[in-house]
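Visitor: Please read through the structure below; I'll follow up with questions.
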């Protein structure tokens, strides 16, 4: 995922809204994220249409179930031709290994297996929430680093994490391990419901592999300009 452009989170309720948004980006080769709301509303057809538009896809369904179920789910997802899928690291090593096995079994001959990453802790999770609501006494950063090690041991390609945790993760895993980071905002944007946020430039400085950007692009007055502005900051180039 070297030189990956900002991944746009398509947090829309319908295909119609999604296509109206994407129609603005004529000539752009986009990497987009399809989450639960859009996929559950539109099904695999949304993926087919996005691929016809030339989009690379991160299918963000965060699978978390018993190993056998996750294996079967990933085997089906492997046939969709997406670039990136994920599971929850909290499902444990056996579940993550089963997810990888399912992807390998379901990827059509001659095609590249989708990259598989594990969600460590959601960017909406705070240390206080971890301790008071989830009754996890281990510090937030320690859980993220531990989950990252576990994901690598399970054969996964990387993790979803906060930018602030990436440098700590790279002290514990190999340099080619992917760190995909949501919670990206420009300095003058609102944080909304995410508490561990960062700018594209800060993400670049911390050496993350890819950034995921939603509202800063999708809710901008000029989404194309916002996308390019974020891209320039992410790449460290002048607009």
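Sequential numbering from 1, following the chain as shown.
Using N, Cα and C of the backbone, Cβ positions are placed for all residues, glycine too.
These figures come from a predicted structure and were not determined experimentally.
Per Swiss-Prot, active site, proton donor is recorded for 62, and the stated evidence type is sequence analysis. Swiss-Prot lists 11, 33, 60-69, 123, 185, 194, 214-215 with the feature substrate binding site, giving sequence analysis as the kind of evidence.
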Visitor: Using a Cβ cut-off under 8 Å and a sequence separation of 6 or more, which residues in the same chain sit near residue 64 (substrate binding site)?
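Guide: For residue 64 (substrate binding site), the qualifying residues are 70, 87, 88, 90, 91, 95.
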Visitor: Which residues, sitting 6 or more apart from residue 214 (substrate binding site) on the same chain, put a CB under 8 Å from its CB?
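Guide: Set apart from residue 214 (substrate binding site) by at least 6 residues yet with Cβ under 8 Å, we have 8, 9, 11, 33, 182.
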Visitor: Please report the distance from the Cα of residue 62 (active site, proton donor) to the Cα of residue 123 (substrate binding site), rounded to the nearest angstrom.
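Guide: The Cα atom of residue 62 (active site, proton donor) is 14 Å away from the Cα atom of residue 123 (substrate binding site).
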Visitor: For the recorded positions listed here, 11, 61, 62, 67, 123, which shows the highest count of neighbouring CB atoms within 10 A?
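Guide: Per the Cβ count, the most surrounded site is 123.
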Visitor: DSSP secondary structure for residue 67 (substrate binding site), reduced to helix/strand/coil, please.
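Guide: Note: residue 67 (substrate binding site) is helical by DSSP.
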